[in-house]
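> What Swiss-Prot records for this protein is below:
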BINDING   R189, G190, G191, K192, T311, N335, S523, R586  CoA binding site
BINDING   G387, E388, P389, D411, T412, W413, W414, Q415, T416, D500, R515, R526  ATP binding site
BINDING   V537, H539, V542  Mg(2+) binding site
MOD_RES   K611  N6-acetyllysine
Amino acid sequence: MSEKLYPVLPEAKKNTLIDNETYLEWYEESVSDPDGFWAKHGRRIDWFKPFTKVKNTDFNGDVTIKWYEDGVTNVSYNCIDRHLKSRGDKVAIIWEGDNPYIDKKITYRELYENVCRMANVLKKHGVKKGDRVTIYLPMIPEAAYAMLACARIGAVHSVVFAGFSPEALAGRIVDCESTFVITADEGVRGGKPVALKENTDTAIDIAAKQYVMVNKVLVVRRTGGKVSWGRGRDLWYHQEVASVEPHCEPEPMNAEDPLFILYTSGSTGKPKGVLHTTGGYLVYASMTHQYVFDYHDGEIYWCTADVGWVTGHSYIVYGPLANGATTLMFEGVPNFPDQGRFWEVVDKHHVNIFYTAPTALRALMGAGDEFVTRSSRSTLRLLGSVGEPINPEAWEWYYNVVGDQKCPIVDTWWQTENGGILITPLPGATDLKPGSATRPFFGVKPVLVDNEGNVQECVADGNLCISDSWPGQMRTVYGDHKRFIETYFSTYKGMYFSGDGCRRDEDGYYWITGRVDDVLNISGHRLGTAEIESALVSHHSVSEAAVVGYPHPIKGQGIYCYVTLMTGADAQDPDELRKELVQHVRKEIGPIATPDKIQFAPGLPKTRSGKIMRRILRKIAEDEFGALGDTSTLADRGVVDDLIENRQNKK
């Protein structure tokens, strides 16, 4: 735990939008008079019909969350049309390809035409307001066009990360009954092609077996690679957009009409479709983008996330574009052609604000400082971190080496469910402590609760809950409101439970300590242990599996799998079987879920009632088996001795 304090930099204080006095004043107003505060800030976006109701939320009973519910607007209009008069020729998106010699600049006027054309293609093929459109694209401008085109006509987009497998894609198509998919022939990552169209074809076949029929597939030509073609179903994007008008009227949308579904891992079963709506989400995404990054007009802003994750939704596309910013989209990876790529892009495009994940920073830190110091990075003014808690060592490296001690770091905590940043420093207002997300954003009321539900005051450790709503909050789990209530509002009554543990220090700063449920945070991305376990058990050699996390020097958490084999399967070569299981999990979920350690075991530690004692598995995976705690309920102590003897993570 770092106790170092970095006071607000004089340079950051000079031109800041929010100083400490303003922060304290606004925060007080936001929690004592949320209606008044959010009415004022709700007007930061344009409304076709202004709202008269601001907040209508209840975390008890059936849980209702409504913001600006009688207002009418359109997200695409707010991200594009309203900027055309004053900044039509300003660059909206800088696209930096995987290949360092390929890039593209798209102005707001060009963005308008591209989005309108894609919107008209969707309409031409029968997509209507409320229909779900699945987007399975690499990090190319067409991914942003597709999202904004859906928003323009009132279709609900479900973006699936292009690194997910056909099986994972199919599950998401089936869950939201999507009949229109937008994909590319291939993606390119680190110089290697990714077979997106082939994956899409496989996913559509899987979905059809579950009675969800995809009627149309719009295919962007990215590489020109060979693809199979479904006559009457598959459409080339470049041919389709050439045949439609570059103008499309934005659909008037109620503030509570759905904007998008984004699937995220839970502690049980299949991923859940997080549903975000229109008005409150855009108010919150744009407001957090402006104040957390202290964004000033004319600055170049780069968030390195993928649009397949919520960070890409809120802080590559919707937040920056609603603010008329220039946002950079990066197709590549941090280590191609080498580990200096990020900093070369910063110099090439004169990036002022840079937002990335601790896992990338740890990997780059390990590669050595010379990859950083050979670039100038002189345009950088602000650094950000997202996806998982940043360890103080990586924070210090980021501050000293990347930022040359002249850039504040905003270490932001939030989740897919939150729509935008909840706990964060503000660069001109907050003294920084390496490893701490510091203080809540306006309107956010964090509460620490012990396992019995008692609220902890002052300096404390506990489960992180939020006691009142904010405009960017998810409204439900798509098609399963009961699961929404059970997951987030049943553990601690009347509060949203984040699933994270947290410590509050003597200065009121918050330190996120990691998940307290069965969800792993791998390289800043959430994966449910249940998801990985069911992938393992679907292999014919596996009888039972349990998955836990363990500390990993680069990824934050690694994936440790305990596997019990079917009778007879143990005759196989264990190393070969390990490789086979790794490939099997990658096929079922995607490379992001690649197991780091697989331990074969004759049995798993269970209570007499048959419950797996995960606490013990975690301790063994962490090589901390000396303090297993109370094992009196164990049905068979011998199982634990075997696990300790054969552990895969011996230090």
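Every residue gets a Cβ built from N, Cα and C, even glycine.
Let's see these features in context: how buried, what's close, how far.
A C-beta separation below 8 Å, combined with a sequence spacing of at least six in one chain, links N335 (CoA binding site) to G190, R341, A363, L364, A367.
Around the Cβ of T412 (ATP binding site), the number of neighbouring Cβ atoms within 10 Å comes to 25. Taken residue by residue with DSSP, T412 (ATP binding site) is part of neither helix nor strand, so it is coil.
Taken residue by residue with DSSP, V542 (Mg(2+) binding site) is part of a strand. Other Cβ atoms within 10 Å of the Cβ of V542 (Mg(2+) binding site), summed over all protein chains shown, number 21.
In the three-state DSSP reading, K611 (N6-acetyllysine) counts as coil.
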> Between the Cα atoms of R586 (CoA binding site) and T416 (ATP binding site), find the distance and write it as a whole number of Å.
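Pair distance, Cα basis, whole Å: 23 Å.
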> According to DSSP, which of helix, strand or coil covers G191 (CoA binding site)?
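DSSP assigns G191 (CoA binding site) to coil.
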> Counting Cβ neighbours within 10 Å across all chains shown, tell me which of the binding-site residues T311, T416, S523 comes out on top.
T311
> In Å, rounded, how far does the Cα of V537 (Mg(2+) binding site) sit from the Cα of R515 (ATP binding site)?
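About 24 Å separate the Cα atoms of these two residues.
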> Could you give the Cα-Cα distance between T416 (ATP binding site) and K192 (CoA binding site), in whole Å?
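Distance (Cα to Cα, whole Å): 29 Å.
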> Between C-alpha atoms, which of these binding-site residues comes nearest to T412 (ATP binding site): R189, K192, T311, S523, V542?
T311
